[in-house]
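Novice: Taken from Swiss-Prot, the feature active site covers K158, H290. Among the features that Swiss-Prot reports, Mg(2+) binding site is placed at E214, E240, H290.
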Amino acid sequence: MKIVRIETFPLFHRLEKPYGDANGFKRYRTCYLIRIITESGIDGWGECVDWLPALHVGFTKRIIPFLLGKQAGSRLSLVRTIQKWHQRAASAVSMALTEIAAKAADCSVCELWGGRYREEIPVYASFQSYSDSPQWISRSVSNVEAQLKKGFEQIKVKIGGTSFKEDVRHINALQHTAGSSITMILDANQSYDAAAAFKWERYFSEWTNIGWLEEPLPFDQPQDYAMLRSRLSVPVAGGENMKGPAQYVPLLSQRCLDIIQPDVMHVNGIDEFRDCLQLARYFGVRASAHAYDGSLSRLYALFAQACLPPWSKMKNDHIEPIEWDVMENPFTDLVSLQPSKGMVHIPKGKGIGTEINMEIVNRYKWDGSAY
């Protein structure tokens with residue numbers, strides 16, 4: 001299966017109203033899709049995220065010339081080479097070549113990987129809680145209310161981007177709105193030191209629905225992570241920016257995390273992403289993929305979760321949820337899956353089992369201008 005053509009689709013959307021987390025406000029969303037076509041006509045799609053000008057030059061000047069004429073079945077060696085040039089671009093190539101392999105074998109991605117354990121995966125609604133409005137708390141509450149009406153039973157909201165007192169006021173308002181039956185995840189985006197993070201423990205004794213505390217500290221403080229984890233009454237999660245299994249090993253060896261959160265687009269390809277999930281199982285911790293930045297990468301995270309052995313024997317709580325972006329973002333609909341009552345059914349067709357929405361691709365093509 002010789003690669004004969006590669007198409008690229010840089011996409012851009014400027015937000016109507018900025019939203020954000022402890023790292024600041026997002027004012028736009030981007031997506032970079034690729035489509036690899038073989039001489040037999042079999043194709044596969046991939047996705048990555050980064051600054052669009054850098055991605056586009058990287059693909060057109062180096063990655064595409066390198067891939068043309070290569071065998072699509074040589075996924076591991078091709079991806080390993082591209083990793084040296086641009087790790088996130090390598091992730092897109094790995095997705096596309098995985099879909100080609102599945103289609104060539106006349107099966108789904110999950111079947112290519114040995115089959116799924118389950119037909120549906122739980123997802124949680126992921127919010128960017130902060131906005132540049134004095135009424136940001138009420139706006140956040142309204143956003144959460146809207147998604148709860150759609151059937152989500154788990155939500156993730158942001159902390160660490162304003163004063164501790166104001167964050168507590170925000171979470172109390174959400175608790176009043178959502179109720180204790182809704183699982184709530186708190187994501188600090190590495191905003192605190194250990195002392196500041198531990199202040200939340202007082203409230204965890206009151207809020208019985210906290211799913212986990214996400215990335216409370218920078219990851220250059222593993223000893224503080226281990227200490228904090230030992231003292232908190234809720235699980236500690238993190239690791240969305242780790243580049244592969246090797247970066248998780250010291251954190252897991254030191255028992256820093258209860259839940260690891262690899263991202264398909266941040267690691268060195270889909271194969272290493274799956275290695276991260278399996279590594280968690282070997283260490284006896286949970287794995288819940290970070291999947292905020294793309295719908296195709298989220299689909300691959302769902303595939304991987306469907307093929308992952310259960311973490312527990314507890315009925316209806318044996319597999320970890322996957323992140324689902326519910327903020328303004330047209331690229332969420334590039335893949336036509338939608339949750340129902342907080343669950344997503346896994347497509348069963350050949351390859352990824354669904355089509356990329358070309359209407360969205362054509363509508364949001366980046367025009368090459370600065371942003």
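Just so you know, glycine gets a Cβ as well, placed from its N, Cα and C.
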Novice: Beyond the listed site residues E214, E240, H290, identify every same-chain residue whose Cβ lies within 8 Å of the center of their Cβ atoms for the Mg(2+) site.
Specialist: D187, E215, A237, G238, G239, Q261, D263, Y292, E323
Novice: For the binding-site residues listed here (E214, E240), tell me which residue's CB has the most neighbouring CB atoms inside 10 Å.
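Specialist: That would be E214, with the highest Cβ count within 10 Å.
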Novice: Rounded to the nearest Å, what's the C-alpha distance separating H290 (Mg(2+) binding site) and K158 (active site)? Just drop the number here, would you?
Specialist: 14
Novice: Check each residue in the chain of K158 (active site) that is at least six apart in sequence and keep those whose C-beta is under 8 Å from its C-beta; list them in sequence order.
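Specialist: Non-local contacts for K158 (active site): G20, D21, A22, F127, Q128, S129, Y130, L186, D187, A188, N189.
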Novice: Return the count of C-beta atoms lying within 10 angstroms of the C-beta of H290 (Mg(2+) binding site), excluding that atom itself.
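Specialist: Looking across every protein chain shown, the total is 27.
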